[in-house]
Amino acid sequence: MGAAMLSELATEIVVPVCAVIGIAFSLVQWVMVSRVKLTSERHASSANSSKNGYGDYLIEEEEGINDHSVVTKCADIQNAISEGATSFLFTEYQYVGIFMIAFAILIFLFLGSVEGFSMKSQPCTYDKEKMCKPALATAIFSTVSFLLGAITSVLSGFLGMKIATYANARTTLEARKGVGKAFIVAFRSGAVMGFLLAANGLLVLYIAINLFKLYYGDDWEGLFEAITGYGLGGSSMALFGRVGGGIYTKAADVGADLVGKVERNIPEDDPRNPAVIADNVGDNVGDIAGMGSDLFGSYAESSCAALVVASISSFGINHDFTGMLYPLLISSVGILVCLITTLFATDLFEIKVVKEIEPALKKQLIISTILMTVGIAIVTWIGVPSSFTIYNFGVQKVVKNWQLFLCVGVGLWAGLIIGFVTEYYTSNAYSPVQDVADSCRTGAATNVIFGLALGYKSVIIPIFAIAISIFVSFSFAAMYGIAVAALGMLSTIATGLAIDAYGPISDNAGGIAEMAGMSHRIRERTDALDAAGNTTAAIGKGFAIGSAALVSLALFGAFVSRAAITTVDVLTPKVFIGLIVGAMLPYWFSAMTMKSVGSAALKMVEEVRRQFNTIPGLMEGHAKPDYATCVKISTDASIKEMIPPGALVMLTPLIVGTFFGVETLSGVLAGALVSGVQIAISASNTGGAWDNAKKYIEAGASEHAMTLGPKGSDPHKAAVIGDTVGDPLKDTSGPSLNILIKLMAVESLVFAPFFATHGGLLFKIF
């Protein structure tokens with residue numbers, strides 16, 4: 001079979017060094033952002049006690065562009081947003097922490113009971129002649145890796161939120177110097193989050209593997225089975241982050257839009273609107289913290305899926321550490337590739353006009369994909385033997401290293417295709433969104449019809465791209481090929497996250513400009529940044545959903561192997577009932593999250609109306625609204641409403657596996673995967689299209705757009721209603737569905753030993 005050119009020692013060095021480079025690069029970007037200060041250093045010492053913990057000020061005094069009252073307002077608004085976001089996340093993490101401890105205990109009890117909490121060695125699952133570590137060890141180490149993944153996921157979301165709230169006012173103030181300066185601040189801030197998350201995820205996983213290896217020794221099957229808890233921890237926290245943050249942000253957004261824009265005819269981020277601070281806080285806790293945890297979960301799960309499948313291949317049997325860590329080597333090279341790519345946006349090319357913003361962001365995706373293709377080729381050539389064997393449902397399949405390269409490559413390029421199809425259907429530069437905007441002439445009803453049709457149509461090409469990726473990667477390298485294809489799609493996660501985080505930072509910057517009373521010219525620049533960010537956020541969601549489909553299928557394959565199921569036959573009643581119930585779960589989940597947003601938004605609308613009607617002088621701008629009450633409504637509603645959808649996802653595999661057995665659970669996983677991907681793509685793109693149709697009318701940048709506007713016209717009001725309907729689709733239900741399908745799959749894999757031993761209680765009784 002041959003050996004890899006890269007030695008074990010070199011692998012031990014390359015992976016952590018790349019992770020450290022990623023962390024160092026993110027810190028360099030943060031230092032560059034922090035150079036944008038509020039006043040000269042001699043004044044800074046007197047005001048070092050800012051509430052959100054940042055002592056330095058927002059921009060240096062520059063002749064002709066600095067107005068201290070505006071700068072002070074920006075600082076105050078930033079403090080309010082940061083405090084609101086921090087307060088919400090701490091409240092959310094208290095509840096999530098209780099769940100985390102309870103679920104960790106559950107993992108230990110379920111997996112420990114497989115062999116009656118025995119400390120005796122047991123025959124290995126795939127080679128009965130060898131002896132492996134006891135089930136109790138798997139229970140302990142799975143619990144530890146679950147907690148590691150959960151803590152890393154929470155940390156990823158929290159750090160992302162802190163960075164975003166640190167950068168939003170800086171982006172606003174830099175917009176006074178030009179759109180290029182503001183773009184660089186927003187993008188660098190996004191890069192801080194992207195590189196921190198990618199590098200931390202890689203480093204923690206690498207350290208965990210090496211620490212676990214001290215106990216497991218040559219039992220790599222047990223070692224990497226225990227490591228799957230890392231992916232479960234990451235995704236379970238991401239679920240609550242996405243759902244809780246999504247409910248928070250959309251409750252505030254819908255409340256602010258319906259009363260402010262439609263009823264009172266005031267701008268989106270007008271400081272008179274009581275829900276405006278809650279809306280800006282929501283951008284950070286939903287689109288930044290939730291999205292960061294989500295993509296970390298995808299990365300952790302795809303890595304764990306690949307490692308589990310590889311542990312029972314020739315890499316695991318021959319103890320080829322370099323080959324075994326091939327998934328981590330891909331991620332390591334991805335960090336270096338993204339580092340080079342980021343320089344194209346921030347240092348090598350300068351944005352001078354508005355129309356260059358969106359192409360600059362799209363170039364990031366293209367450059368990173370091309371460079372990563374070369375990186376994958378090098379890693380595969382030096383890190384993988386010329387041929388090796390992969391376990392494929394009971395038989396060993398011989399795979400060439402060039403075939404493995406194609407598996408990763410097809411995932412990488414499928415991600416780019418999904419990204420550009422998403423952009424076509426959600427950017428107002430193209431006809432689909434312009435048609436949706438045009439439909440607003442005849443009212444909100446036709447707008448909703450056109451938007452739904454667009455969302456359904458946008459599913460076609462991404463599904464074909466995913467299907468081709470699955471066929472190619474499975475043909476070449478079975479389930480391992482699918483797992484590394486998912487990793488290929490996520491290999492440029494640092495750039496993807498930088499682009500994704502850039503959107504909410506720009507959105508906040510626009511809100512701060514409006515609230516601080518800055519000129520229309522500044523607001524136009526921040527709007528241009530935000531419109532580009534809106535499209536790239538949709539692209540990020542497309543990546544997340546596409547990778548989730550591949551990750552879930554790889555985890556499904558690992559679960560089927562681990563649970564000792566030879567075939568999954570849909571014609572058997574046990575499997576078919578699981579299939580049809582699994583296909584229903586995304587609808588149930590979407591119904592819960594949509595209704596949660598609706599009920600929270602209802603309370604918000606009532607509160608905003610109450611303040612407009614009862615606070616004298618509020619509409620005239622003479623009185624200040626009660627922002628804190630609106631923040632509290634969003635916080636309370638999201639914490640309360642995130643629990644039922646989270647419980648549905650987390651409890652379904654446990655209930656089905658325990659009472660109905662592994663065959664029925666395999667049907668549930670397949671059904672949820674197939675229907676969940678379709679609904680997620682459709683919901684995200686429909687919401688994105690409605691949002692950008694509204695922005696298209698508001699901007700009035702073309703003759704066609706001007707015939708539909710201006711703000712306050714009937715077509716514009718119809719577009720606002722469409723955007724309001726789409727908000728929970730694109731920011732709550734849609735993005736959360738990809739976590740549903742991944743989380744159920746990884747949870748089933750972690751609990752597979754228990755289900756295989758004790759599952760199917762009802763069928764045993766009857």
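Going from the start of the chain as shown, residues are counted 1 onward.
Including glycine, each Cβ sits where the backbone N, Cα and C put it.
Because TrEMBL annotations are produced automatically, they should be read as predictions rather than curated entries.
As recorded in TrEMBL, the features of this protein are as follows:
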{"type": "TRANSMEM", "residues": "13-33", "note": "transmembrane segment"}
{"type": "TRANSMEM", "residues": "95-114", "note": "transmembrane segment"}
{"type": "TRANSMEM", "residues": "134-161", "note": "transmembrane segment"}
{"type": "TRANSMEM", "residues": "182-209", "note": "transmembrane segment"}
{"type": "TRANSMEM", "residues": "324-345", "note": "transmembrane segment"}
{"type": "TRANSMEM", "residues": "365-382", "note": "transmembrane segment"}
{"type": "TRANSMEM", "residues": "402-426", "note": "transmembrane segment"}
{"type": "TRANSMEM", "residues": "447-472", "note": "transmembrane segment"}
{"type": "TRANSMEM", "residues": "478-499", "note": "transmembrane segment"}
{"type": "TRANSMEM", "residues": "543-565", "note": "transmembrane segment"}
{"type": "TRANSMEM", "residues": "571-589", "note": "transmembrane segment"}
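Here the transmembrane segment (13-33) has long-range neighbours at 6, 163, 166-167, 170, 185, 188-189, 191-196, 198-200, 202-203, 206-207, 325, 328-329, 332-333, 335-336, 339, 342, 346, 494, meaning same-chain residues at least 6 beyond its ends whose C-beta is under 8 angstroms from one of its own. Stretch with the largest number of CB pairs closer than 8 A to the transmembrane segment (402-426), among 95-114, 365-382, 447-472: 447-472. Counting Cβ pairs closer than 8 Å to the transmembrane segment (543-565), the top stretch among 95-114, 182-209, 324-345, 447-472, 571-589 is 447-472. Long-range contacts of the transmembrane segment (447-472) within the same chain: residues 406-407, 410-411, 414, 417-418, 421-422, 425, 432-433, 435-436, 439-440, 481-482, 485, 542, 545-546, 549-550, 553, 677-678, 681-683, 685-687, 689-690, 693, 718-719, 721-722, 725-726, 729, each at least 6 residues beyond the stretch ends and with a Cβ under 8 Å from a Cβ of the stretch.
Highest Cβ pair count under 8 Å relative to the transmembrane segment (324-345), across stretches 182-209, 478-499, 571-589: 478-499.
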